[in-house]
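Pulled from TrEMBL:
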- 21-47: transmembrane segment (TRANSMEM)
- 59-79: transmembrane segment (TRANSMEM)
- 110-225: domain 'Palmitoyltransferase DHHC' (DOMAIN)
- 156-180: transmembrane segment (TRANSMEM)
- 192-214: transmembrane segment (TRANSMEM)
- 288-309: region 'Disordered' (REGION)
- 288-303: compositional bias 'Polar residues' (COMPBIAS)
C-alpha cells in the first residue's frame, strides 16, 4: 500500500546535483592562495604608490585604504573559518519512510531525507556535496574561501563582498591619482607597481559589484542563490517577510546558539508552528492538506520568532 507522501501535494525542495567530493587539500590550498594574493598585492600597493603619496603629504589615501584592507582581511579570515550552520549527523533510529511535514506561511513542506546525514532536513537546508555536510539556510558553496555560505555566516559573506568592492575601488582610484600626479616623472618602479595593482583591481571591481547587487536583490526578496529559478508554489515565496524584515533577519537578527552534537534532536518541536506529521501506511488520499487550526502559519526559530535570511 502506498505511503501518504506519494499522494500529498506538498512542496518538494530541489535536490542537489550529484557531485563527487574533491580532496580537501586542493580547495584548501586555493583558499589559502587567495589570502596570500590579497596580502601580496596589498603589500605592493602600500609599499610603492601609497608610500609616494604619503611622502608628498597625501595621507588620506593610505589611511582610508589601510582601514579598508583591515576590514577586508578580517571578513575574509572570518568567512574562511566560520560555521555556516552545520547540522550534525542524526542517528539510525530515524528512517526515510517516516513522513515529516511543516507549515510555513500556510504552505506545507515535506522534509527531505538526507541519506548521508541520516535525518530529515528542515526547509531550505541542503547537503553540500563539496563539504559533505548539511547546512541550514544553504545559499551556495564559495570555492574562493572553501566554505559553505549559510545561515550563520551569510552576513560575513556580505561584509566580504562589500569590503572587497570598496577596497578594490579605493586601490584603483589611488593608483590612478598616483599615475596622474607623476606624469612629469620618468617611468619608475613605483609606476610599474601602480599599473600592476590597478589592472587586477579594475578587473575584480565590476564582477564584485554585480555580485553585491545580485546578493542584495536576493536578500530583499528572501531568496537563495542555490534555489535559482525554483519558486515555491508557482512563484509564491512563503519565506518572504517584506524587504525591511528580510534585511533585518539576514544581517541584524540574533543567530541563536549553535547546534550541539546531539543533532538527533533536530527533529524536536522548536515552536508551536513546527508540526511534524507521522503517518502509517494507508490508502492514498487525493485531498489537499490544510494547515492545522492551532498553527499561525510561520516556522519558528529557537528564539520563537519567525526567522528569514
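Note that Cβ sites are derived from N, Cα and C of the backbone, with glycine treated the same way.
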Confidence summary (mean pLDDT) of the domain 'Palmitoyltransferase DHHC' (110-225): 92
For the transmembrane segment (21-47), sequence-distant contacts whose Cβ falls under 8 Å of one of its Cβ atoms, 6 or more beyond its ends: 62, 65-66, 69, 72-73, 76-77, 80, 129-132, 143-147, 171, 174-175, 193, 196-197, 200
Per-state residue totals over the domain 'Palmitoyltransferase DHHC' (110-225) - DSSP helix, strand, coil: 60 helix, 19 strand, 37 coil
